[in-house]
Ligand code: KG4
Ligand code: ZN
């Protein structure tokens, strides 16, 4: 089955063609980061308008790269939520219009299920069951995964998502959006031990997270540096390192706890923050000590992309799922509501 995948939930237009027999045939991405950078974050209306401009050229590009024609496509998968409603509507209406014109089914895919399944595009895909850590700009969740659509939420953030904490910490030190890659780059030049950040909610049982305090701690630390006359690049690097170490250690402690609780030794990490090298290294060490395995996607498939939507949609379309021509998207959408395959 050949599936066209469209991703437009936030600030990236992603398009890909995935074939159930031949694998990923082509994928293309247009990132709007330069468009939003001046505002220090995503401006929803600008995002929607840009998706409109990029969508059809990207679809043509992907078809050309794969050497495919529209009549070969068996179904279209698009991100139906969660995300920015205006941005989601661009992908949804485009997918439904093309599906109607081409006489094929369309299916709305859950953005976080896309992220969750992205490591399955790699050469050594994880086997079910496993524990998944979903860490993106909007979500931080620990989930027990027994199969596609069989999701049990084990814990989640009570306030900011991990990626959001990276972005906000970066912004207040005057760094560019998105903050995750900036902080991890500066952290490599940081001097360890100059600052020590707390490890929130690690001293009590449970699998929930809280990252807003860490962001405030970073703000106070930065303001103390500035008032002491040190607003140098080195101060930013040292704070970035201390902040990243706190996030990474907190996530590692909770993942270990979740694996123990679930009685599993397989961990999947997905979403933008799973591209973070320090996080990967820390989790690899933890799983190594447990004689378990950690799985993640290549960096470009950790952040938003069309390939993960084409792949997730293909699994569900193959199982016979599709929808009516109604164009409907959801800004919020708990993943446990998804139907099992
Ligand atoms: O999954 P994603 O592309 O979009 C959402 O679904 O939210 O995640 C974006 C988030 C941003 O907060 C970004 O700062 C973060 O992922 N991120 C990173 C890294 N690359 C992206 N955070 C830490 N380290 C990175 N290398
Ligand atoms: Zn995402």
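Note: Cβ is positioned from N, Cα and C throughout, glycine not excepted.
Among 155, 180, 263, only 180 appears in TrEMBL as part of the substrate site alongside 134, 135, 136, 137, 138, 167, 276. Cross-referencing 293, 304 with the Fe cation binding residues that TrEMBL gives (111, 115) picks out 304. Cα of residue 111 (Fe cation binding site) to Cα of residue 136 (substrate binding site): a span of 11 Å. Listed in sequence order, the binding-site residues near residue 115 (Fe cation binding site) (C-alpha within 10 Å of its C-alpha) are 134, 135, 136, out of 134, 135, 136, 137, 167, 276. Residue 167 (substrate binding site) sits 16 Å from residue 304 (Fe cation binding site), taking the Cα positions as reference.
Applying an 8 A CB threshold to same-chain residues 6+ apart, the list for residue 276 (substrate binding site) reads 180, 184, 244, 248. The record gives 111, 115, 304 for Fe cation. Within 8 Å of the mean position of their Cβ atoms, the other Cβ atoms in that chain belong to 7, 9, 79, 112, 114, 136, 271, 305, 308, 309.
Within 10 Å of residue 304 (Fe cation binding site), judged by CA to CA distance, lies none of the binding-site residues 134, 135, 138. Among the binding-site residues 137, 138, 180, the residue whose Cβ has the fewest other Cβ atoms within 10 Å is 138.
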